[in-house]
Amino acid sequence: MGLSHSHSVETRQLVEKTGFSAEQIEHLHKRFNSLSGDLLTIRKGHLNGISDLEVNPIRSKIVDAFFDKRNLRKGSSGYVEEINFEEFLTIMSYFRPLSQNMDEENISVCRKDKLRFLFNMYDTDNDSKITLEEYRKVVEELLSGNPNIEKETARSIADGAMLEAASICVGQMEPDQVYEGITFDDFLKIWEGIDIETKMHIRFLNMESIPSCR
């Protein structure tokens, strides 16, 4: 799409859909073109080439999130092969800075959207819960860059975190009771009181240089 400072109908529609300002959309369109090489779509390979992601231990999960149909609000599981600029904006909207005049209801919606995005990164098999094995894998990946932490230690950390999640969400469990995994409602409880609204950002796409939404 061609964007200009004369707010086109298409740009206004994107403003309404994503919550970004026209100025922010212009900035992100330049970044999209830089990533895609001025093509109309980007694929995983375009994001894999971002230097800031090369040392990120969960790079593959971050890249996959851009192509996850759940995050693209397509209402189904699986991944798309490529995304266009509007779909790119949809993903970037999860990282959109909060507006200073945003009311409590909109802040709550924004928070829930961000947490759903994170939940989807953990819930790799799309069964609506994060199992112990899924959580272990993420923890192992996060700690893989630390040579002083062995795999078994990472597994123990994941196991402990899952037990804590169970105590928060279920309470006192019976000795023979099995916690099958973290549901999205559980996930909301675990993150309660944590300021995800302002902490969740995306550094490798230069979001810091984008003005906050008005």
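Every residue gets a Cβ built from N, Cα and C, even glycine.
For Asp123, Asp125, Asp127, Lys129, Glu134, the entry in Swiss-Prot reads Ca(2+) binding site, with the evidence type a curator's inference. Contacts of Glu134 (Ca(2+) binding site) defined by a Cβ separation under 8 A and a same-chain sequence distance of 6+ are given as Tyr122, Asp123, Thr124, Asp125, Gly181, in order along the sequence.
Beyond its flanks by at least six residues, the domain 'EF-hand' (110-145) meets 55, 57-58, 61-62, 64-65, 68, 70-71, 77-78, 93-96, 98, 102, 151, 153-155, 157-159, 161-162, 180-184, 187-188, 191, 196-197, 200 of its own chain at Cβ-Cβ distances under 8 Å. Feature annotation from Swiss-Prot assigns domain 'EF-hand' to 110-145; the stated evidence is sequence analysis.
The N-myristoyl glycine annotation in Swiss-Prot covers Gly2 and rests on sequence analysis.
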Reduced DSSP assignment, Glu134 (Ca(2+) binding site): helix
Local Cβ density at Asp127 (Ca(2+) binding site) - other Cβ atoms counted within 10 Å: 12
Cβ within 8 Å of the mean position of the Cβ atoms of Asp123, Asp125, Asp127, Lys129, Glu134: remaining residues of the chain near Ca(2+): Tyr122, Thr124, Asn126, Ser128, Ile130, Thr131, Gly181
Cβ atoms near Asp123 (Ca(2+) binding site) (within 10 Å, other residues, all chains): 23
